[in-house]
Amino acid sequence: MLAARLSRPLSQLPGKALSVCDRENGTRHTLLFYPASFSPDTRRTYTSQADAASGKAVLVTGCDSGFGFSLAKHLHSKGFLVFAGCLLKDKGDAGVRELDSLKSDRLRTIQLNVCNSEEVEKAVETVRSGLKDPEKGMWGLVNNAGISTFGEVEFTSMETYKEVAEVNLWGTVRTTKSFLPLLRRAKGRVVNISSMLGRMANPARSPYCITKFGVEAFSDCLRYEMHPLGVKVSVVEPGNFIAATSLYSPERIQAIAKKMWDELPEVVRKDYGKKYFDEKIAKMETYCNSGSTDTSSVINAVTHALTAATPYTRYHPMDYYWWLRMQVMTHFPGAISDKIYIH
């Protein structure tokens, strides 16, 4: 039946017309999808949770705010022993103080800068000493720590590219490598927080996209290598949650923009002009003020990856517009996605 269906000409397959709208300029394009390869109504469920969380140790990086802060509290409520890695614990950050105020022996904040090898190794020792039986290992690692920026390629300094990569990519690699011995002993889980921009590129986001594409590749390689050892590796690819994570305030956007413009080579400023530059900054401000403020879909995805007997390889917590755009940009010829989304 399937072979017969696949052998039929595409024109004979029952299709569904779908109108795609580009939010940036309102342009609509009609695409024809075929159920044999695509079903827009199919939704994943997280009903296969089987592994008990009680007492299992999990380290989450980047818990000062955003996803990490919410994850630390949520996983603690589920019964995990949570080690919350915080960049600003030594500075008494408000997020750290709130986590510490729970006064639970199952939620412990630790100083952790994922760019600092010494701090990462100290975190390993802290976790190991906090385990009931270190020989049984640690159940989960959630690589959540990350930073973001914006700016077209000619507007972005090499220092910015390196800074974003050091946190998002090398921080993930560094932390994972250090904790793998404990994770292997438990046959546990690695959950890497990537982004929809780790699957599809976007203008003015190249420093971020590069690092998240790298996280995707690293996660795939690690998944292949860990499979025979019983460690499961998942990637969570959130959509636009900037409004929920407070990555960009209007003041921060303007500060970044001013620094960027001031540091541009004279030839770049002259060729592009201030009007073009300001238009791009205004577009970034609009994007940063949009998106979901409810992070529960991301929290639920990470929880499933840590607790399901058979976790998914990839999770896509995002609204329908971004999910559809990702399908178009990753499954269709580049000429089609370029026509829809490049202006």
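The backbone N, Cα and C atoms fix where each Cβ goes, glycine too.
Because the structure is a prediction, the values reported are computed rather than measured.
According to Swiss-Prot, the protein carries these features:
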type	residues	note
ACT_SITE	Y208	active site, proton acceptor
BINDING	59-83	NAD(+) binding site
BINDING	S195	substrate binding site
CARBOHYD	S219	O-linked glycosylation site
MOD_RES	K73	N6-acetyllysine
MOD_RES	K103	N6-acetyllysine
MOD_RES	K103	N6-succinyllysine
MOD_RES	K132	N6-acetyllysine
MOD_RES	K177	N6-acetyllysine
MOD_RES	K212	N6-acetyllysine
MOD_RES	S246	phosphoserine
MOD_RES	K258	N6-acetyllysine
MOD_RES	K259	N6-acetyllysine
MOD_RES	K259	N6-succinyllysine
MOD_RES	K280	N6-acetyllysine
TRANSIT	1-46	transit peptide
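Overlay of Swiss-Prot feature records on the structure.
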residue	record	Cβ contacts under 8 Å, 6 or more apart
L59	NAD(+) binding site	V82, F83, G85, A123, V127, M138, G140, L141, V142, F179
C63	NAD(+) binding site	F69, L71, A72, A84, G85, C86, G95, V96, L99, T109, N144
L75	NAD(+) binding site	A53, V58, V60, V82, T303, L306
K103	N6-acetyllysine	none
K132	N6-acetyllysine	G55
K177	N6-acetyllysine	none
S195	substrate binding site	Y208, K212, E237, P238
K258	N6-acetyllysine	none
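Sequence-distant contacts (6 or more apart, same chain, Cβ under 8 Å) of K73 (N6-acetyllysine) comprise L99, L102, L107. When Cα-Cα distances from S219 (O-linked glycosylation site) are compared across the recorded positions F67, G79, K259, K280, the shortest belongs to F67. Within 10 Å of its Cβ, the residue among the modified residues K212, K259, K280 with the fewest other Cβ atoms is K259.
Distance from the CA of K259 (N6-acetyllysine) to the CA of F67 (NAD(+) binding site) is 28 Å.
In this structure the alpha carbons, written CA, of G79 (NAD(+) binding site) and K259 (N6-acetyllysine) are 45 Å apart. Cβ neighbour count for S219 (O-linked glycosylation site) (all protein chains, 10 Å cutoff from its Cβ): 24. For the pair K259 (N6-acetyllysine) and K280 (N6-acetyllysine), the Cα-Cα distance reads 15 Å.
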